[in-house]
Every structure is written in structure tokens, then in C-alpha cells.
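Data block below; observations after.
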Amino acid sequence: MGEHAETEESQVHLGLEENGPPVELRQRKKPKSSENKESAKEEKISDIPAPERVPKHVLFQRFAKIFIGCLAAVTSGMMYALYLSAYHERKFWFSNRQELEREITFQGDSAIYYSYYKDMLKAPSFERGVYELTHNNKTVSLKTINAVQQMSLYPELIASVLYQATGSNEIIEPVYFYIGIVFGLQGIYVTALFVTSWLMSGTWLAGMLTVAWFIINRVDTTRIEYSIPLRENWALPYFACQIAALTGYLKSNLNTYGERFCYLLMSASTYTFMMMWEYSHYLLFLQAISLFLLDIFSLKQNDKVYEVYKIYIFSLFLGYLLQFENPALLVSPLLSLVAALMLAKCLQLNVKKGSFVAKIIKVINFYLVCTLTITLNIIMKMFVPHKENGHMLKFLEVKFGLNMTKNFTMNWLLCQESLQAPSQDFFLRLTQSSLLPFYILVLIICFLSMLQVIFRRINGKSLKETVTLEDGRIGERPEIIYHVIHTILLGSLAMVIEGLKYIWIPYVCMLAAFGVCSPELWMTLFKWLRLRTVHPILLALILSMAVPTIIGLSLWKEFFPRLMTELMELQEFYDPDTVELMTWIKRQAPVAAVFAGSPQLMGAIKLCTGWMVTSLPLYNDDDLLKRNENIYQIYSKRSAEDIYKILTSYKANYLIVEDAICNEVGTMRGCRVKDLLDIANGHMVCEEGDKLTYSKYGRFCHEVKINYSPYVNYFTRVYWNRSYFVYKINTVISFQS
């Protein structure tokens, strides 16, 4: 017994001497399971070497680098916001104009958004103002709408609260406060792009290059110059913050505090983004697809990806409750996809990574998620009553040639420049600023490196926990995989619909700047080229500094003088005819009058006068789209009686005919409003085989100006100038042809 005990004790001593000093064991009996766990923890702790103390000069260098980078990021955002403010002032000569002239600069749907901001400021209390907006019957005739839900007016609610709560009404005019907030958000937008590029490359030089490319290509990166109150101008800065937080969250070498900060920032920005824009959940759907593919290609960040899915679910349901139980969020493809991913995870089996069974399960899991997503979305649409964006599906069918239509609304949408494929000028502008060539180079290297990693994983080769510069495997970093997939998805859509370039191009700037400033990307390229004449690491470090410096100097030389010239030029927004029209309406028209005309003009009338209108320039509501089509019939070949019946069905009192639409010649033939109406009414042959219906009536907008019967029996001209003709719709008439 004694020899046996001594042997057992000596074996234990030998097993522990490898990792540390021998431990004397007094008990020779078999330990319990809890004791086993404790001893295992002690062994694990003893295995970890004590962290070495970082020298003070290294800490100072890190602090200086972070401080300078943060200072550069904040300065870039502030300078961009100031630039936008100065450019807006020079373009519209804003400070020297009367309030009416300032408001006319808000065109189309922008005018509607700003008008509700004015209504909130006029309300006796915030609660009363919100109630009037949610039960609004003073905007569109014969229609009560929840304007907050339908038009996503949360930015206007927040702006009005801030304006009154901060006492700004005694310091600054409402319009300056409003546009100041939007310009400030654009500064945050640029700062977020700066930080994202910095996080990916490790140098704030990439952030500076991102900002330079963003401003130089601002024609393709933002619509802030043309329409300030657009929902995307309020929402995309939060989306940029969310992507910056997500980029940091996906990094492998992030500490616990940084991870928590990124998670909280991501949660807050995701929810805010969803509240600011009615189409935000579609963008988040694309992001969720990118994360799903990242989860398939990389097993490192599996738990983090599912934490992001939880943020989506939380934001969707909280948004559903606070957006007056908005059914669009319940039938959103984002909710269906995330629910499918969660269900698939519950059904997932624990198998050895890299084995053949694991690969088969990955394929089955992919198929299961796709099937469940479609099934859940169909089920939700069956049980949740909704009318959300049905016209969007019809538009996409026509856009991709799956269906043909003569419908005015669909063809009008197809003719909009923002919904067409990008022109050659778009690619030429990006090439002249050197953005497109470097973006393609960076994307190709990252994509090929990502494919290399995927094939290594398929072949069962293990991947390193931490990727070093010498490895030259930039495609192993999960945040890089995510951004590559995301930019490919956004770019594919932007190649079909040009309006999506305002979402895609900012991330093109960020990705291209990250690539040229990243030593890892150059090292990956040199590994493939098997460069041996010069030390590859040294050359990669040199190029990561030299290339962006050369690009920056060339951009400064070519584009900086242009930016300064734009700020020096004093432009003027001159539209006296519209000013005269609005002045006449405010002075002569009855307060209870209802105006009919083109949706774009109706938005301006609602803002500048407050009078009720028959239609609005909004395209997310089927009833408003039908109203717009009916009111546009004033430019078709229809009888005076037909037009009269249409207008009186909406209780209109005044009709405004715009000479620019009636005599439109500038746009491409077939896309003019009158051409689209003739096609819809069968008065023009659209394709071979179509039946042409002859109209015995002339174009209404021409005929009504001549003042002869029967037009004078229905309409009486009460005001006109070079651009507008206003007719009072008679209430007592004798019907005659």
C-alpha cells in the first residue's frame, strides 16, 4: 500500500512540475468533480504568463496617436458641416431673403417635412402638436392621416422640442436651427466614416483620405445640397455610426470595455436609424445578409453575429410599438430573416469543426435559413394586414422586365433619373477623382484573400487565432469579410438603381481609403507576388504611407481650388413667379380653399401658405399615388367635364396649371408627363400591336387657356403669370359639351 501511494504521489508531482512548482497533495482519494474544476482553473491560471508592464514611452505614443486621430476625426466633421453651411448660404443667398423666399427653396417632399416642423412650433403645446399630426385632416382634402407614422416625422418632432427646450427661439430663427441640425448630422456622418476607415486600417490617415474622397465626390455621396429635409439626410449618419460600431465590435483583438461600448453604440444607432427612415429596415436586411454570410465563412465571431441579430429584433419590436404599431416592420424581410436565423441556430447540432459532417450541416443550415425566411415572410403577410409598398413590388417587376404596364405611376417612376441605371458620367466622375480605380484594386485583393481563406477552411486547414502583418492574410479578419460582402451587395443594387449610389459611394470612399493605407493589404499582395528583392514588410509599410500621401496631394492640387471657387461664387435662387403665386394665395384665396395641381407644387403651397391640397409628393401610399395620377389628368387629352368631375371629387376649389409641364420639351420623349398620360389613356402607341384610341379633345392645359365654351362653364381664370395659371372651379354650372 505504501509503495503504491508513493508511486501515485510521484506521478502527480511529475505532472505539475512542467507548468510550475510541485504541489503537495495530502489526500490520495479520487477528488470530486467540483475539485477537478477548481484545480483545472488553477492550472489554466498558472499557464498564463504575467503581463509585462508596457513602457511609458509606448503608452505615450499610443495616447498621442489616438488623441491626434480623434482630433482629426472631429475636426473633419466640423469643417464639413461648416462647409455645407457656407455653400448653402452662397448658393441661395439665404440670409438676405424673406421667409417666403427661403421656404420656396425647399422643393417637393422636402417642403412637406419642413411644413410639419413649422406646425409643431405653432402648436400651443408639444402634446397638442403631436395629436394634430397623428390625426391630421388639414393637409390633404377628404383624408385624415397619421403624418408621424406615414412620413416618419420623428426628426421634426425632435427638432421642434430641441428648439423650444433650449431657448433657441430667442437666439436663432427656426429655419436656421433646422438646417443647422441637418448639417451637424452630416458632420457626424463624415466623422463616422473617418472612424470606420481608421478602425480597419489602424491609421487615421485613412480617415483623412475617406473624408477627402467623400467631399470631392459629394455629387454622388449625398443629396444634402438639393434637398435638406430628406429622410436619408437624417437617417444615414446614424447608419454610419452603426457601421463604425459594428466594425469595432467584429474585431478579434477588442477588449471587454471596447466591446461593450461598441455594442451599446450599435444598439442605440440601429434603433434611431430605424425610427428616422421608413426604408431603413431594407438596408438593415442587406446588412443581416452580410452578417449571415460572414457567419458561414468565419466561425470566429459566431456569438457576436447573433448578438447583432438580437439588436435587430429589439429595434424592430420597439420601433413597431413606438411607430403606432407599424405593420411594415412586422412583414419586413429583416424580421423574417432574423427569426429564421435564430430558429436555425436552435436546430444546429454540435459537431467537430472542419469535419465533413460540419460542412454538410453548413450547407443544410444555409438552405434551411433561406427556406424559413421566405416561409415566415409569407405567413406574416397572410396574418398581418398591410398595404406597405405594394407599388414597390410592381415597380421592381416592371424594372426587371418581368411585367409590362401602361400604368402612369409605374412608368413615371421608371422615368425618374434616380431609379434608372447609372450613366457613364457617374463612372467618369469617380475615375477622375481616382476613387473607382483604387476601390476596384482594394476590393479585388480583399475578395481574393477572402476566397483563399474560405478554401483553406473547406480543406480543413486551421486558421490562426490572431493574424499578423507578416502573414499577409487580410481576408481572415471578420470585419473585412463583412465589409467586402456588404459593399458588393450595395454596389450590385446601385448598378441597377442609381439613387442607391448615395448609400454605396460613401462606403466606397471608406473601403478604398482603408485599403491603400493598410500595410496588411499590400503585404497580402506581396505574398501572392512572392516579392524577394525588397523586404515585403518594409515595402508594405512604405507604400501604406506613400500611396495615400501622393493621392492626397494630387486631390489637393486638382480639387481644392474648385471647392474654394464654389464658396467664393455668390449664386442666387431666383423664382419670382412662384413667390408671386404664393403671395396671391395668401392674400386672395379663402382660408378653407383646396388647391389642385402637380404634387411638387402642392408641397410648396402647403409649406408657404398652409392651405389644404388634393395631393402630396409622397410615393409610399397607394391612395396618394392614385390621387397624383388623377390630378395629373389636367395635362392629358380629356374633356372639361371629365377634369371637372375628378377635381370636384376631391373637393378642390382652385386648379393651378403649370406652363413648364404643359409645354414640357426638355426631357426625353416618352418620359414627359403628357406622354405618359397619353400612353396610359391609350392616346399614344407605346409598342407595336398597341391599339391607338383617338381623342376628340385637345390637351386640357392648352384648351383651358383659350377661354371658350365649355371650359369657361367649368373654370374661371382668376390669376396668371409667366409660369402659373390659376382657375377657380365653378360650383354652379350648366353641363354642356
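The first residue you see is number 1, and the count goes up from there.
Just so it is clear, glycine is given a Cβ too, placed from its N, Cα and C backbone atoms.
TrEMBL entries are annotated by machine, without manual review.
These come from TrEMBL:
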COMPBIAS  1-11  compositional bias 'Basic and acidic residues'
COMPBIAS  32-46  compositional bias 'Basic and acidic residues'
REGION    1-48  region 'Disordered'
TRANSMEM  66-87  transmembrane segment
TRANSMEM  175-192  transmembrane segment
TRANSMEM  198-216  transmembrane segment
TRANSMEM  283-299  transmembrane segment
TRANSMEM  330-351  transmembrane segment
TRANSMEM  363-384  transmembrane segment
TRANSMEM  436-455  transmembrane segment
TRANSMEM  480-497  transmembrane segment
TRANSMEM  503-525  transmembrane segment
TRANSMEM  537-556  transmembrane segment
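Three or more CB pairs closer than 8 A are found between the transmembrane segment (198-216) and the transmembrane segment (503-525), so contact between the two stretches is assigned (pairs 6 or more residues apart). Proximity of distant same-chain residues to the transmembrane segment (503-525), defined by a Cβ-Cβ separation under 8 Å and at least 6 residues beyond the stretch ends, is recorded for 189, 193, 196-197, 200-203, 205-207, 209-210, 213-214, 217, 220-222, 232, 236, 240, 243, 283, 430, 435-436, 438-439, 441-443, 445-446, 449, 467, 469-475, 477, 483, 486-487, 490-491, 493-494, 536-537, 539-541, 543-545, 547-548, 551. Same-chain residues lying 6 or more positions outside the transmembrane segment (66-87) and placing a CB less than 8 Å from one of its CB atoms are 179-180, 183-184, 186-191, 194-195, 198, 204, 207-208, 211, 214-215, 224-225, 563, 566-567. Scored on C-beta pairs under 8 angstroms, the neighbour of the transmembrane segment (283-299) with the top count among 330-351, 363-384, 436-455, 480-497, 537-556 is 480-497.
Outside the transmembrane segment (363-384), and at least 6 residues removed from its termini, the chain residues within Cβ reach (under 8 Å) are 292, 296, 327, 330-331, 333, 335-337, 339-341, 343-344, 347-348.
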